[in-house]
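Enquirer: Reproduced below are the annotations present in Swiss-Prot:
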BINDING   Gly77, Thr80  Na(+) binding site
TRANSMEM  7-24  transmembrane segment
TRANSMEM  35-55  transmembrane segment
TRANSMEM  69-89  transmembrane segment
TRANSMEM  98-118  transmembrane segment
Amino acid sequence: MAIREYLWVSLGGIVGACARYFLSRFTAKITGTSFPWGTLLINITGSFVLGLFLVYTTERVFVDPKWRLLIAIGFCGAYTTFSSYAYESMVYFQQGNWGLFAGNVLANNILCLAAVLGAGALVRSI
């Protein structure tokens, strides 16, 4: 990759990481920290944005590849939180908190998949 491509990914990553941090903190203030609602919200919205962007740009319009670097790889890559989701799930598992473990795993997998599918359906219906 050329240096310019790394810059597009980095720029998207900066914005995505900051958005993730802000939304995670904001959600924790509203919902508390007994369940990782911020991680779930971020994963769902990130999945939706990625699905919307990729379906739109592969099925509807051509975009310059730099936009995929910026949005799909940079922004969504830094914004979504699979590693946080995996860690939080492991903690619940190790604590024997089976309800929160199952709820976290199922909610992230089902709702994120639904967000991507919904975004694709939305783009195709427009």
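Using the three backbone atoms N, Cα and C, a Cβ is placed for every residue, glycine included.
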Enquirer: State the residues, same chain only, that lie 6 or more residues beyond the ends of the transmembrane segment (35-55) and have a CB under 8 A from a CB inside it; answer 'none' if no residue qualifies.
Expert: 20, 23-28, 68, 71-72, 75-76, 79-82, 84-85, 88, 100, 103-104, 107-108, 111-113, 115-120, 122-124
Enquirer: When you measure from the Cβ of Gly77 (Na(+) binding site), which residues in the chain that are at least 6 apart have a Cβ under 8 Å away?
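Expert: Those within reach of Gly77 (Na(+) binding site), by Cβ under 8 Å and sequence separation of 6 or more, are Val9, Gly12, Gly13, Gly16.
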Enquirer: Under 8 Å between C-beta atoms and at least six apart in sequence, can you list the same-chain neighbours of Thr80 (Na(+) binding site), or say none if there are none?
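Expert: Expected: Arg20, Ile42, Asn43, Gly46, Ser47, Leu50.
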Enquirer: Using DSSP and three states only, what is Gly77 (Na(+) binding site)?
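Expert: Its secondary structure by DSSP: helix.
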